[in-house]
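Reading through the structure tokens given below for one structure.
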Amino acid sequence: MDCCKEAISSSWIYPTLILCVNGFFSAMRPSEAFLTPYLTGPDKNLTIEEVTNQIFPVWTYSYLALLFPVFLITDYARYKPIIILQGVSFIITWLLLLFARGVVAMQVMEFFYGMVTATEVAYYAYIYSVISTEHYQKATSYCRSITLVAATVAAVLGQLLVSLAHVSYFYLNAITLASLSLAFVCSFFLPMPQKSMFFHRKDAAETLQGPDKVMATFNPNEPCSCQEDRDPASADTGPTPEQQADQPQPQSHALKVLVQLSKDLRECYSSRKLLYWSLWWALATAGFNQVLNYIQVLWDFRAPSHSSAVYNGAVEAIATFLGSATSMAVGYVKLNWDLSGELALGIFSAMDAGSLFLMYFTENIWACYAGYLAFKACYMLLITIATFQIAVNLSMERYALMFGFNNFVALVIQTILTVVVVDSRGLGLDISTQKFLYFLWIPEVWNC
């Protein structure tokens, strides 16, 4: 029995399989494409203004408030507890969607959904803590692909159930809750990692004794690259045995980790190339998230769900497929991205702006759908290029840190947009005018 447990814990296949199953059921949410029709329909009986200006903004605010502390706690707690927490948050979110009513209840629901998105970092970081380096590429490919497949299957299933079987949105949410409950159960079967990227580094645990010595694995003067070789002189930066005896406190260790993270960020952003790509990443992601968060409201504005056929699921399925196809195509295009990356950035950002322009001026729902498909495909292509351009110049730890910080900046920008443009306490603009403002935003992004 012990031999079996040891074989399971040492294999990369078992944790990857369990994580893929968890990711599949977590992304298998057929009701998500029909959230706005559900909230404004007879089940919840909310107005479009309440949904747009009072309920949806809460997700942005809670996501921003939770992202940074969750990022640190995720690494400190070694991922698995946060994946379980995500499952709990998922279940609470959909229980509220099913059985709670009123604006306040839906705002609480959005808070827990903010917890869900803030804890997503644990899913994508977990695999690197339990498998060896040579399996990173396969494991990452499987975990990311399975979520895209699940999202596509969920959107198609939701559309078929609504259009052909005439299943109500309430039962779509019940199916989603059942899927999320299965994902929650799967999370308990994940092996508990023994290391993490920052607080529980394996090399520090194996070669150094005492919590303070973990910082000797970092070199604040190291260039932002994937090279892991250390200058022999860097050993002088580590604490002496006498200093270890004087400073054994865990609090000191945590503080040193935070200080080192800030130094790593400063080193990474000292590269002009990484700074420019990160700036585009943050600005574009903020605009993309705003569009994604409110696109169903625009569709309901163009073709009200209470009097028109709803094809949100089909559109989301096609958009997910196009996004994954364009992302995959980047890996097969033989270009010098150092020379062609900025050109691609300008061309496809202009196409993104054009698609928003189309969605603003058209009254035809099908043209609006087409604009959304083009918008999401272009963004997915560009974010893949930006991710590659940043990741190729960084070690895994610094990439994870920079990825988190870029998304944090994007979320700050998105929160400012939400407060000023969307929130009822700000301008409280209608959804069509919001899309026009985001159209103006995109050219500013790629001109940066």
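Start at 1 and count along the chain as shown; that gives each residue its number.
Placement of Cβ uses the backbone N, Cα and C atoms for every residue, glycine included.
According to TrEMBL, the transmembrane segment annotation covers 12-28, 55-74, 81-99, 111-131, 143-164, 170-192, 274-297, 309-331, 343-361, 373-392, 399-422. Feature annotation from TrEMBL assigns region 'Disordered' to 225-251. Annotation source TrEMBL lists compositional bias 'Polar residues' at 240-251.
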Among 55-74, 81-99, 143-164, stretch most in contact with the transmembrane segment (399-422) (C-beta, under 8 angstroms): 55-74
Among 12-28, 55-74, 81-99, 309-331, 373-392, stretch most in contact with the transmembrane segment (143-164) (C-beta, under 8 angstroms): 309-331
Range from 55-74, 81-99, 373-392 with the greatest count of C-beta pairs under 8 A to the transmembrane segment (309-331): 373-392
Outside the transmembrane segment (373-392), six or more residues from its ends: residues with CB under 8 Å to it: 226, 273-274, 277-278, 280-281, 284-285, 288, 291-292, 315, 318-319, 322-327, 329-330, 337, 341, 344-345, 348-349, 351-352, 354-356, 359, 399, 402-403, 406
